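Notes to accompany the following structure.
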Amino acid sequence: MPGAWLLGSAQDATTTGRAAGDGGGRPSDGEPPRAVLLGLRPQDAGGDPADPLDELERLAQTDGVTVVGRMVQARERPDPATYLGSGKVAELAALVDEEGAALVIADGDLSPGQVRNLEDRVGARVVDRTALILDVFAQHARSSEGRAQVELAQLAYQLPRLQGQGTALSRIGGGRTAGGAGAGVRGPGEQRLETQRRHLRRRITLLRRQVQQTAARRQRTRIRRRSARVPSVALTGYTNAGKSALLNRLTGADVLVQDALFATLDPTVRQARTPDGGPFTLTDTVGFVRHLPHQLVDAFRATLEEVVEADLVLHVVDASAPDAMAQVTAVRGVLHEIGARDHPELLALNKVDVAPDGWLAGLRSAYPDAVAVSAVTGEGIEDLRAAIARALAR
Ligand SMILES: Nc1nc2c(ncn2[C@@H]2O[C@H](COP(=O)(O)OP(=O)(O)OP(=O)(O)O)[C@@H](O)[C@H]2O)c(=O)[nH]1
Ligand SMILES: [Mg+2]
């Protein structure tokens, strides 16, 4: 089930102080919420074979939402007021009504105004892709570190959006009558909004401090490891590529492997060995996705430092994904963003046991230095160990 954060109003989360969830305040009974997905398709959408709404649907499923419909409009730019054009909005309202959907999820980013206008006209809660990803993260956060980071990202997302409710609040609060109160007179709605903002900022400051402490602790651990001269390898890659499965295969660890997006949020470090017995540490961390919300990148800096500071980045690719190359590009984009651009990188083409031969051949010629492996069958794992040893020796 999605968090109350996704289903309720934004105020619910701030007043309960429970943005990142451990189940608190989440609707616990009844059917999973039904949702309609919303996307825009620019004219020149060629090049990427995957339908972006397929990924949005996977994210929604991971979040416990049942997708009951899709609506795509061909247009270059979202309508500033309603995201879709007005004719399409009416169509969307009809679809929502027909399917009994409680939720509309847009693939792009929505402004507070777009959310409000769409909600008014469609009669369902409207959220964007970033809100959905944040909700998936909130549900998968286990450690206190992970929860603090997710909550930080959620609040950073919410803070500028509280504005959007300002007018609605003062309308409800009856602070102004038409033409009555002049500029500078604040209705009770605005006062409440100011109180909420202050509350949010205080909580953000507190969480930042907490996250920084974790970052400092991780830094100390890394320095200790480095002084022991054990080289470090960080697993990275698109979410669900098989990073955790590969960690288990290479080190005999037993971390959670799941056919779900963002199953892993907390870093795990294990010791592994090259074919001639040389030790190295292998770190499993959070996966990436296209348009990873910048609030998450910011909040997860401490976690991502594990990748930035590693001697070698082991980039795991799901070779059975139809858009594997686009995923590689997306992952490299995030690596760039976090400052790991010029890091030595070794590509592992994973899931070769299920990758169609044609695709695999395409990937091999695009990435001639990549090693083909299967975390499930163990195929190619000794080659991968040898490739890691060679890369570390350089
Ligand atoms: N057939 C096959 N499935 C694999 C292989 N490696 C991983 N999987 C499956 O792919 C799914 C994702 O694996 P994980 O190891 O959890 O992937 P991850 O990259 O850690 O994903 P997140 O932590 O969610 O970002 C699971 O269902 C695995 O069983 C492989 O080599 N072959
Ligand atoms: Mg994982």
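Positions of Cβ are set from backbone N, Cα and C atoms, glycine also.
Pulled from TrEMBL:
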{"type": "REGION", "residues": "1-52", "note": "region 'Disordered'"}
{"type": "DOMAIN", "residues": "231-394", "note": "domain 'Hflx-type G'"}
{"type": "BINDING", "residues": "237-244, 262-266, 284-287, 350-353", "note": "GTP binding site"}
{"type": "BINDING", "residues": "Ser244, Thr264", "note": "Mg(2+) binding site"}
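TrEMBL feature annotations superimposed on the structure.
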{"residue": "Gly237", "record": "GTP binding site", "Cβ within 10 Å": "24"}
{"residue": "Asn240", "record": "GTP binding site", "Cβ within 10 Å": "24"}
{"residue": "Lys243", "record": "GTP binding site", "Cβ within 10 Å": "31"}
{"residue": "Ser244", "record": "Mg(2+) binding site", "Cβ within 10 Å": "24"}
{"residue": "Ala263", "record": "GTP binding site", "Cβ within 10 Å": "19"}
{"residue": "Thr264", "record": "Mg(2+) binding site", "Cβ within 10 Å": "24"}
{"residue": "Asp266", "record": "GTP binding site", "Cβ within 10 Å": "18"}
{"residue": "Val286", "record": "GTP binding site", "Cβ within 10 Å": "25"}
{"residue": "Lys351", "record": "GTP binding site", "Cβ within 10 Å": "24"}
Cα-proximity to Ser244 (Mg(2+) binding site), 10 Å cut-off, over binding-site residues Ala263, Asp266, Lys351: Ala263
Filtered binding-site residues, from Lys243, Ala263, Lys351, whose Cβ is under 6 Å from an atom of ligand 2: Lys243, Ala263
Cα separation, Thr264 (Mg(2+) binding site) to Val286 (GTP binding site) (Å, whole number): 5
Inter-residue Cα distance where the pair is Thr264 (Mg(2+) binding site) and Gly237 (GTP binding site), in Å: 12
Integer Å distance between the CA atoms belonging to Thr264 (Mg(2+) binding site) and Lys351 (GTP binding site): 18
Cα-Cα distance linking Thr264 (Mg(2+) binding site) and Asn240 (GTP binding site), given in Å to the nearest integer: 9
For Thr264 (Mg(2+) binding site): DSSP state (helix, strand, coil): coil
Model confidence over the domain 'Hflx-type G' (231-394) (mean pLDDT, whole number): 94
